[in-house]
Ligand code: CP
Ligand code: NVA
């Protein structure tokens, strides 16, 4: 079976740790691994806008000896005349992996079911698992380890970032707190999946409505835009609803004294976070952005190796 990375828990906790270890090695020795030498091509498809994901995949694929093919969905047949499954069956004849930023998770699942090359979720409405590999790498760099840390996500708990935080951090043995209005809680099924993982890793997930209670003593404080891509029409309601969850200096003061602040970017200063916090001494957002490159390279190296093994067994 081809391994894909459509959501954070498509890998095991041990595999997550191995990918993070590999990312550390590749960050120290950037051109060490060249599994895409040839060059082999990786298709990177965007239904939504992107700066970090586009650049980090393009540069990372080139670092690995490969050739990135960046495709804007609007200028392709995907999403209009052609299904994800048919697109996948064509691409697998020519490329070594498919990376896709899209809306619904179901499209990614259809794409993955239709192909024998690995499919990577570069952000969907439900999850942003590549971002979480980068975030965990960044937290590990600044805190030394992940196991047992408390991380608080504030704002849109039903967003791709919040749901990936819930899964990926519990996998790493962390205690995840999500502070959001009840209306914007993570999906119950995602929390149930995280609870099942937590039973093995010693992590935990707890939902809060009170931002102060959720932030008290936290080692890591995280937020994200209140208006994710595709939700623009809900902006007025969201801005009116999320105000109490803004990360400002007063809220940060409730976290541990050495707490760090993360934001996947792009940020709306003055909305989900004040400028003094995101641009202040506790913010590690630029390391976080850079780590997209190293984490995704490690993911690709690992996925390609897994699938080479599968192909070898099939031969
Ligand atoms: N964090 C992130 O995914 O950024 P982009 O939307 O710029 O890719
Ligand atoms: N939650 C945000 C993340 C952007 C990288 C969005 O989906 O727009």
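Yeah, the Cβs are placed from backbone N, Cα and C, and that goes for glycine too.
What TrEMBL records for 50, 51, 52, 53, 77, 101, 128, 129, 130, 131, 264, 265, 292 is carbamoyl phosphate binding site. Residues annotated as L-ornithine binding site in TrEMBL: 160, 224, 228, 229. Annotation source TrEMBL lists domain 'Aspartate/ornithine carbamoyltransferase carbamoyl-P binding' at 3-141. According to TrEMBL, the domain 'Aspartate/ornithine carbamoyltransferase Asp/Orn-binding' annotation covers 147-303.
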Least buried of the binding-site residues 50, 77, 160, going by other Cβ atoms within 10 Å? 77
Neighbourhood of ligand 1 - binding-site residues from 77, 160, 224, 228, 292 with Cβ under 6 Å: none
I need the CA-to-CA distance for residue 229 (L-ornithine binding site) versus residue 50 (carbamoyl phosphate binding site), whole Å please. 10
Check: min Cα-Cα distance from residue 50 (carbamoyl phosphate binding site) over binding-site residues 160, 224, 228 goes to 228
Counting every protein chain shown, other Cβ atoms within 10 Å of the Cβ of residue 128 (carbamoyl phosphate binding site) number 29
Looking at the binding-site residues 50, 52, 292, which have a C-beta within less than 6 Å of some atom in ligand 2? none
Can you tell me how far the Cα of residue 228 (L-ornithine binding site) sits from the Cα of residue 128 (carbamoyl phosphate binding site), in Å? 12
Fewest other CB within 10 angstroms, which one of the binding-site residues 130, 229, 264? 229
Cα-Cα, whole number of Å: residue 160 (L-ornithine binding site) versus residue 128 (carbamoyl phosphate binding site)? 5
Measuring Cα to Cα, how far is residue 264 (carbamoyl phosphate binding site) from residue 224 (L-ornithine binding site) in Å? 7
If you skip the near sequence neighbours and keep only those at least six away, which residues in the chain come within under 8 angstroms of residue 292 (carbamoyl phosphate binding site), Cβ to Cβ? 52, 53, 56, 130, 131, 134
For the recorded L-ornithine site formed by 160, 224, 228, 229, name the remaining residues of the chain with Cβ within 8 Å of the site's Cβ center, in chain order. 123, 125, 128, 156, 159, 161, 225, 230, 231
Just how spread out is the carbamoyl phosphate site if you go by the largest Cα to Cα distance in Å among 50, 51, 52, 53, 77, 101, 128, 129, 130, 131, 264, 265, 292? 30
